[in-house]
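Everything below concerns the one structure shown next.
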Amino acid sequence: MTRVIGLISGTSVDGIDAALVEIFGTELDLKIELLAGETYPYPPALREKILAVCANSAISMAELAELDDTIAQVFAQAAQNIQTNHPKAELIGSHGQTVYHRPPQQNSLGYSLQLGRGEAIAQLTGINTISNFRVADIACGGQGAPLVSRVDAFLLSHPTEHRCIQNIGGIGNVTYLAPRNQENWLQSVCGWDTGPGNSLLDLAVQYLTGGSKTYDKDGEWAASGTPCIPLVEYWLQNPFFQEPPPKSTGRELFGVDYFQQCLADIKKYELSSGDFLATLTELTVASIVQSYNKFLPKMPDKVLICGGGSRNLYLKKRLETNLNQKSETKIPVLATDEVGLSADYKEAIAFAVLAYWRNQGIPGNLTQVTGARKEVTLGNIYLVTDRLRVSIES
Ligand SMILES: Nc1ncnc2c1ncn2[C@@H]1O[C@H](COP(=O)(O)OP(=O)(O)OP(=O)(O)O)[C@@H](O)[C@H]1O
Ligand SMILES: CC(=O)N[C@H]1[C@@H]2OC[C@@H](O2)[C@@H](O)[C@@H]1O[C@H](C)C(=O)O
């Protein structure tokens, strides 16, 4: 057993998800025990700065260095806090904070930058730390995302059920899992970014409330409105939604500029604020279901949702309705908690597992998901215990 801390702050930039887990086995026998899970909100000024950088505001190299170190410090503090009243962890897997993601183009590699450098976290915590998970996959021509699919496969596949594991964070991403009893089940895993999760919804709530609210709690505001389907159908014409996998995205596409365009588009319709939020929710839901209909080998028996959007009751209801519009048999939408894996901390758990695999030389990517030429171990290892130095001193 290895005790590992997983750390991540995603595209919602709402805070650091920390998970303290005990990990057993390797792949087919992989098991995890969640000892503690917590979200540590960013200080408001730091969140503002990160969101500005994510929205492409220019910063100097000195400001970039300072931001990288500040994020490393708050990540290190989260690692210390999550261990309170628990035995010390042996390893940290830190995703860091994505501030820029550029999928590979025709003849050029992708690029993905996560701030909160692992070498600083290692020194601040005194715990061996693994970070920078995306670059090895990108160097092999991959998208560098989504990386949770291999972890989903070994933690959430079922002997006989076809499952979709749908993350609804700032951005949405899916992993399709064929039954484990099926021959070559691992090779038949697929996955991709589906498009906006909560990113546009959050921007809309912040716009409508002058910043006094940052999200639509439980989807109550959207539930008071009616989605404008013609607008959703117009937005779904965006090339991203037609693009076959492998594909990844971020706030670079579904961020502030896209939101401003949505605002301009609604001017032609007399939408209430509830209608506007219902319509943005419908875009998230319709982009998910359309990608299943277009790119899955078959529709799943069950959809398991995770990420903050899994708490949005209106979104969950609309997803279930949309999924079952054409389906003969009812496809239930459940939170991953229902199958024993925390919907809130699944991504943090995933990076704990990816670090654990890196430490054992086990690859972390699935080439059929990211499009990388080969499977590779993911992450840079930063050691604080140097065996050589100990042997010289002793
Ligand atoms: N009770 C709730 N009701 C509705 N929405 C919620 C609720 N709690 C959280 N959310 C939504 O979830 C978002 C945060 O989700 P999450 O932490 O999964 O995003 P993330 O991990 O940063 O994104 P990504 O997975 O794209 O990196 C919030 O910004 C909010 O929109
Ligand atoms: C560059 C980046 O941070 N991408 C995120 C984003 O947020 C959701 C989706 O897009 C996913 O592909 C990815 O993160 C998760 C943890 C992943 O790599 O699986």
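Cβ from N, Cα, C; glycine included.
Fair warning: this is a prediction, and the values are worked out from it, not measured in the lab.
Listed in TrEMBL for this protein:
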{"type": "BINDING", "residues": "G10, T11, S12, V13, D14, G15, I16, D17", "note": "ATP binding site"}
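Residues D14, taken from the binding-site residues D14, G15, I16, are distinguished by a CB atom under 6 angstroms from ligand 1. Checking the binding-site residues G10, S12, V13, D14, G15 against ligand 2, the ones with a C-beta less than 6 Å from an atom of that molecule are G10. Looking at V13, I16, the binding-site residues in this record, the fewest other C-beta atoms within 10 angstroms of the C-beta turn up around V13. Most buried of the binding-site residues T11, S12, judged by other Cβ atoms within 10 Å, is T11. For D14 (ATP binding site), other Cβ atoms within 10 Å of its Cβ number 19.
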